[in-house]
Amino acid sequence: MKKFRARYAPSPTGHLHIGNARTALFNYLFARHHGGDFIIRIEDTDVARNVEGGITSQLNNLKWLGMDWDEGVDVGGSFGPYNQLSRLELYKKYAFELLEKGYAYKDFKEGSEDFAIRFKVPENVLYEFDDVIRGTLKFESKDVEDWIILKDNGIPTYNFAVVIDDHYMEITHVFRGEEHITNTPKQLMVYDALGWEYPTFGHMTIIVNEDRKKLSKRDTNTIQFIEDYKNLGFLPEAMLNFLSLLGWSPKDDEEILSKEELISLFDEHRLSAAPSYFDKQKLAYINSRYLKALSMDELKDLTRPFLINHGIEIKNEAWLESLLSILKDRLSYGAEITKYYDQFFHHDFVLEPAVLEEIKEFDNEVVIKGFMGAISSVDFTDDVAINQALKDTGKALNIKGKPLFMPIRIATTGEAHGPSLPVSLSLLGKELVIKRMNKTLEVLKGETK
């Protein structure tokens, strides 16, 4: 059986966009699942729109996501060169072959000997192909006008060059966005004129935003580029996992899947034609699942730069570990550590009525004042000493369990539930703990008036 070969063919006109990353991923998963080759080809003929560093950025972000490729502009291969500007003579050869065979004609510039080569669309021809995702698609030639295949400057147009490249690189399968469906008739015309076999096409669904409109680069409510997610502290494994679910689904309901599992499970026939919703909450959830699986050292390495850039002094490794032990379960991505740090330490301490309702039956004032007395000489860098102060308070007041711990937790953190109370108090520091308990006493006093 012929070896499957799939490709991702970006233009160097910008950084790696969500939609392009998904296109690359589905071609990658297809090739790896079937034991085929994954190729990256650069379509760089639109020189005016090419961005310096655009390709390097795209390739780096694909690698960050965990993808690798068998052939490409950076790794070489037997079917190169892998950028179009290095293949101009090949396009010219076939453009003139079509010209000589009568499938194309010269289109002269007015008042000049310069000419483009325009493809002559045949009359009354029905073009059809079987799309892996959408079934049989048909087009009539009467709906397509004659079109340029080679500009007067020797640069090929997209719909011509892509056929030459896919044929010469022996591409067997092309998975791309549905916006390319309308390009397909022109490409089929070139395949037929040159007597070449079509690759198998699959046109993927559009990605839509929360308004169910097509996600575009102008949509400011959704982060569009992989680089931005990387800079926010999203994990590459989570991003890869999330992207795989934008238009594809496994047979069962399990959605947390490693790259190896995705390769094993991938089935191109489960790609959907229905619009795929870019669910930001789902992305946050998936990333949080991967964050929870990190070791403490990995979590420290992820969050440390965000804390430092936020101007937060990391006192020592033990302090950072204590902070993360309290905040890690709240994190959806790395940069969020600064938001929760600020909420924990610096926000205006507010006691919500619903929280106070949970302790209305307890002897709150007595417990809080008793604990304030017990910590007067306690070293707040010592969790064990703080825990002992809690025990001493309970023993002195003959109170234990919720009636002891909940008033102190609410008085110091503003929350009824949370992680280890001694660790939380140690992080807050004695000065802030006493300040908050005094404020709580004032609030409680006001409620009893």
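Cβ coordinates are placed from backbone N, Cα and C, and glycine is handled just like the others.
Features reported for this protein in Swiss-Prot:
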type    : residues : note
MOTIF   : 10-20    : motif ''HIGH' region'
MOTIF   : 214-218  : motif ''KMSKS' region'
BINDING : Lys217   : ATP binding site
Local confidence of the prediction over the motif ''KMSKS' region' (214-218), expressed as mean pLDDT: 81
Summary of DSSP states over the motif ''HIGH' region' (10-20), given as helix, strand and coil counts: 3 helix, 1 strand, 7 coil
Cβ neighbour count within 10 Å of Lys217 (ATP binding site): 12
Lys217 (ATP binding site) in three-state DSSP notation: coil
